[in-house]
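Asks: After the structure tokens below, expect a handful of questions from me.
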Amino acid sequence: MAQPILGHGSLQPASAAGLASLELDSSMDQYVQIRIFKIIVIGDSNVGKTCLTFRFCGGTFPDKTEATIGVDFREKTVEIEGEKIKVQVWDTAGQERFRKSMVEHYYRNVHAVVFVYDVTKMTSFTNLKMWIQECNGHAVPPLVPKVLVGNKCDLREQIQVPSNLALKFADAHNMLLFETSAKDPKESQNVESIFMCLACRLKAQKSLLYRDAERQQGKVQKLEFSQEANGKASCPC
């Protein structure tokens, strides 16, 4: 089974544009605020963005998918250290003709970004520079956490993008690298770890008011990933 590969990147506090949205949960006797983390998934068409969101949010692989038109999102409520958090995963179109009218909308108030490429298609890997440029060009703060995901690693005989090349790219852009397969049920835990690591990091950040006060005092610190002996990325929870 392919494992998360640790680069030299770090996940850092999101910008003051909004650590998380809030909603009220009335399922309990009293209303409780639930934080919502918006994570967008970006990359070429047919790299498996939709399948990754299905695998994480629903635990399944769709029998049939169609090209995403504009943007779609799925949600999953998770519990981290006793707190319910709603992870909202935005699945974005990879084709230019479907993106133009929606691009500003799905970059707005984003908390984390997942860049996806197909390990069996070198062009999807080389196009990552274009996607990173688009992300940077839409006012996504540089401190918003970003990770790189190589999908379809179950197709071992067709792999065109070697892990060492992808890791070098991830390091150069201060990102963590994960290699996985949305299709292979054995990789479902690996897919979940991508989004859960981001959710854990976002949750670990202090409240906006307290963090902004620290920023004014110059005390905001990076949140670093630790490296375990087996090379896996270690989450804070």
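The backbone N, Cα and C atoms fix where each Cβ goes, and this holds for glycine too.
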Asks: What range among 12-31, 72-91, 92-111 does Swiss-Prot describe as motif 'Switch 2'?
Replies: 92-111
Asks: Choose the correct range: of 59-71, 150-162, which one does Swiss-Prot annotate as motif 'Switch 1'? Give that range.
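Replies: Of the candidate stretches, Swiss-Prot labels 59-71 as motif 'Switch 1'.
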Asks: Would you kindly give the Cα-Cα distance separating ASP91 (Mg(2+) binding site) and LYS152 (GTP binding site), rounded to the nearest Å?
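Replies: With the alpha carbons as reference points, the distance is 17 Å.
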Asks: Count the other Cβ atoms sitting within 10 Å of the Cβ of ASN46 (GTP binding site), across every protein chain shown.
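Replies: Its Cβ shell of radius 10 Å holds 16 other Cβ atoms.
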Asks: On average, what pLDDT score does this prediction assign to the motif 'Switch 1' (59-71)?
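Replies: Summing pLDDT over the motif 'Switch 1' (59-71) and dividing by its length gives 56.
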